[in-house]
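Quick notes on the structure that follows.
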Amino acid sequence: LLYPMPCSLAQPVTPELLVSPSSQDGDLGSECPEDRGNWTGRLDFLLSCIGYCVGLGNVWRFPYRAYTNGGGAFLVPYFIMLAICGIPIFFMELSLGQFSSLGPLAVWKISPLFKGVGMGTILIVSLVAIYYNMIIAYVLFYLFASLTSDLPWQHCGNWWNTDLCLDHHVIKAGNITFPVNITNTVSPSEEYWSRYVLHIQGSSGIGDPGRIRWNLCLCLLLSWTIVYLCILKGVKSSGKVVYFTATFPYLILVMLLIRGVTLEGAWKGIRFYLTPQFDHLLSSKVWIEAALQIFYSLGVGFGGLLTFASYNTFHQNIYRDTFIVTLGNAITSILAGFAIFSVLGYMSQELGVPVNQVAKAGPGLAFVVYPQAMTMLPLSPFWSFLFFFMLLTLGLDSQFAFMETIVTAVTDEFPYYLRPKKASFSAVICIALFLMGLILTTEGGMYWLVLLDDYSAGFGLMVVVITTCLVVTRVYGIKRFCRDIHMMLGFKPGPYFRACWMVLSPATMMALLVYNIVKYQPSEYGSYRFPAWAEVLGILMGVLSCLMIPIGMVVAVLQEEGTLWERVQQASRPAMDWGPSLEENRTGLYVASLPGSQSPKPLMVHMRKYGGITSYENTAIEVDREMEEEEESMM
C-alpha cells in the first residue's frame, strides 16, 4: 500500500470531484505551512516535563507548607489530592496536545466557542513569564556574588548595614560580653537582600518605584538572553538543553542533602519538618493547601504540558509519562524538604533559637535564610554557588516552557506567516517581555513582583482549568475524548480517570476557587500593606483572563450563521478539521480534506480505501466500528 506523502514532498493526486474550486489553480503544495517539528530524542519530552514541573516551588514552597500543615501528616492529603486532581488533569492536558498536535490556542478547534480559554491561558502565562524571569535574575545576582572568598552577606559593617545588624559570627566567637537580645535585630543576609540587592529603602511603596537598579537590569537582560538562546530553534534546542538543566539539579540537591544531614543539629530540623500532627487533617485548610501545592507544582493550566505534548509522535506513551513525572515531582518536593530543613536545624542550633523562627517560605527562604545558613558552613562560597546554580537550572526549565507555550500558541494560529520566522518572532516576544519587566528592576520592583505573583495566576488560572475540564467532558463528550485516547494509545482510560474528569477534579478545583475567594486577603510584603488601587489592579489581572472566555464566545458566535441558539450549537461543535494532524493517523470521522484543498469538509471516504493504514490498524478499525455504531444509534 502507498502511504500519502507529506505535502512538502509531493503534490497529492486528488479525484476531480473532491477538489474545491479554490484549489484547482496554482501549486497545491505551496499551500502547506512549514513543518511544525517534533522532539528529536526519545527523552526530550519526558525531561522537558520533569524540568517544567520541578521548579522553584518544590524548594521554597513545599517544605514550608508541609511543616505548617501537620508535618508528615501533610503527605496524606498531598497524595490524595495528587490522585484526585493532579494526575487526571495532567493526563488530560497531555492527551489534548498529543492528539491534535496544536498549541493552547489552536487546540480549541475541539470547541471553537471556548477559544477564549486559550486566550486566557496565554495572558496568564505572559504575566507569569515577566516576573518569573525576574526571580531568575535575582538568582543570577547571588550566583555572581558567590564567586568570592568571603560572601558579601556574611558580616555587618558594610555601607548598606544599619545599627540593627547583628553578626552571629561575633556572638559565637564570644566577643560580646553583655547579654544580646536578638529579637529586635536583623541578620546581615536580610539587610544585604533588602538594602543592597533590592535597595528597597529608596521606594516608599508600589506607587513610588524609584530608580532602576542597573545591576539587576543587566541580570534580567542576561536571563532573557539565556532563555532566548535556549528556545531559538524551538523544541529542537530546548529539548537538548533540558538534558542538563533537568538532571543536574538532582545532583546538587543530593550533595546539599548529604552535607545537610551531616551537620550538627540537622535532625532537629528534619524532626520539625516531618513529625506528624494528625489533628491537622481535620482542618479543611490543610486539604486546600495540599490541593494548591499540587495544582501549582505540576503546572496544569499554564499550557506548558499541552504545548510539549503537541510535539510528540501520535502514539507516544503519555500514560506512562504522566505517572513518571507526577510521582517524580512529589518525591523531589519531599527530598528538597530534607535538604532545606536539615540546614535550618543546624542554623537554629547555631543561633540558639527554635526552628520555626528561622523557617520561611518563598524568596525569604532562597535569598535570606538559606544564604545566611551557608555563611555558617566551611567553604561557604562553594555551597552558596551550588545552591543558586541549582535554583537557576530549576527556574530556567519552567521559563523555557512558558516561552515555548506563548510562541507555539501564536505560530500555530498563523503558521504560514510566523512558523518560518519562529526565531525572529521568539526574539520579539523576549524583548517585549523584558521591557515590560523593567519596572521589576526598580527600587520598588519587589512590590510589583509580589502583586504579579499573588494575582496573575490566582483564581483566573483555576477558572481556566475548571472550564477546560467541563468543556472536554461535557461539551466535547467524555466518550469521544476516551475514544480519541484509545486511537492514540490503544486502550481507553479506566473508571478512575473517567470519575476524576467528570466529577472529582472539577469539584476539587471549584472548592479551591471558592476557598480563595472566601479567604481573600490583601497583598502585603513584610509590614507594607498594598494600597486599594494596587489591590484593584491585581484583581483586574485575574478578572481579565476570565473575561477572555465570554469575549471568545461572542466572537465565535458572530462568525456562525442562523439563530442565536443555532450559532451557539455550531460554535460548540468541533471544527471540521479537528483531529490528528497527520493523514495516516486520521480514521473514520477524522478523515480530513486532502492537502491543498481549501475546504475543510471531511471526505465521506475511508482513508484506507486510498492507502495509508496506521501502525495501530486494529485499534483504528475498532474505533471506526464504534463511531459507525454510535452514528446509527443516533439516527
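In case you wondered, yes, glycine gets a Cβ from its N, Cα and C as well.
Just so you know, TrEMBL annotations are computer predictions that nobody has curated.
Annotation comment: TrEMBL describes Gly51, Val54, Asn58, Ser297, Asn329, Leu394, Asp397, Ser398 as Na(+) binding site. Ser297 (Na(+) binding site) has a Cβ environment of 24 other Cβ atoms inside 10 Å.
Feature annotation from TrEMBL assigns disulfide bond to Cys156-Cys165.
Here TrEMBL flags 75-96 (among others) as transmembrane segment.
Sequence-distant contacts of the transmembrane segment (117-144), counting only residues of its own chain at least 6 positions beyond either end whose CB sits under 8 Å from a CB of the stretch, comprise 56, 104-108, 197, 215-216, 219-220, 222-224, 227, 301-304, 363, 366-367, 371, 384-385, 388-389, 391-392, 395-396, 398-399, 402-403, 405-406, 409-410, 433-434, 436-437, 440-441, 445, 448-449, 452-453, 456-457, 460-461, 463-464, 467-468, 471, 541, 544-546, 548-549, 551-552. Residues or ranges marked as transmembrane segment in TrEMBL: 117-144 (among others).
As annotated by TrEMBL, transmembrane segment applies to 241-258 (among others).
Residues annotated as transmembrane segment in TrEMBL: 290-311 (among others). Away from its own ends, the transmembrane segment (290-311) comes close to residues 36-39, 45, 48-49, 52-53, 55, 57-58, 61-62, 65, 69, 74, 77-78, 80-82, 85-86, 89-90, 93-98, 100-104, 107, 118, 121-122, 124-125, 128, 235, 318, 326, 329, 333, 398, 401-402, 404-405, 408-409, 457, 461-462, 464-465, 468, 508-509, 511-512 of its chain (Cβ-Cβ under 8 Å, at least six residues beyond either end).
Here TrEMBL flags 323-347 (among others) as transmembrane segment.
The transmembrane segment annotation in TrEMBL covers 382-402 (among others).
What TrEMBL records for 423-449 (among others) is transmembrane segment.
Listed as Cβ neighbours of the transmembrane segment (455-476) (distance under 8 Å, sequence separation of 6 or more from its ends, same chain) are residues 89, 92-93, 96, 110-111, 113-114, 117, 120-121, 124, 127-128, 131, 295-296, 300-302, 501-502, 505-506, 509-510, 512-513, 516-517, 523, 538-539, 541-546, 549, 572, 574. Per TrEMBL, transmembrane segment is recorded for 455-476 (among others).
Counting only same-chain residues 6+ beyond the ends of the transmembrane segment (496-518), those with a CB under 8 A from a CB of the stretch are 81, 84-85, 87-89, 91-92, 284, 288, 291-292, 295, 458-459, 462-463, 465-466, 469-470, 472-473, 478, 481-482. Residues annotated as transmembrane segment in TrEMBL: 496-518 (among others).
Annotation comment: TrEMBL describes 538-558 (among others) as transmembrane segment. Sequence-distant contacts of the transmembrane segment (538-558), counting only residues of its own chain at least 6 positions beyond either end whose CB sits under 8 Å from a CB of the stretch, comprise 112-121, 123-124, 127, 451-452, 454-456, 458-461, 463-464, 467, 523, 530, 564, 567-568, 571.
Around Gly51 (Na(+) binding site), a 10 Å sphere centred on its CB holds 27 further CB atoms from the protein chains shown. In this chain, the transmembrane segment (75-96) lies close to the transmembrane segment (323-347): three or more C-beta pairs between them fall below 8 angstroms, excluding pairs fewer than 6 positions apart. Within the same chain, residues 43-44, 47-48, 50-51, 54, 230, 332, 335-336, 338-339, 342-343, 383, 386-387, 389-390, 393-394, 396-397, 400 sit at least 6 positions outside the transmembrane segment (241-258) and bring their C-beta atoms closer than 8 Å to a C-beta of that stretch.
The Cβ centroid of Gly51, Val54, Asn58, Ser297, Asn329, Leu394, Asp397, Ser398 marks the Na(+) site; residues of that chain outside this set whose Cβ lies within 8 Å of it are Ile50, Tyr52, Cys53, Gly55, Leu56, Gly57, Gly299, Thr332, given in sequence order.
Here the C-alpha separation of Val54 (Na(+) binding site) and Cys165 (disulfide bond) works out to 35 Å.
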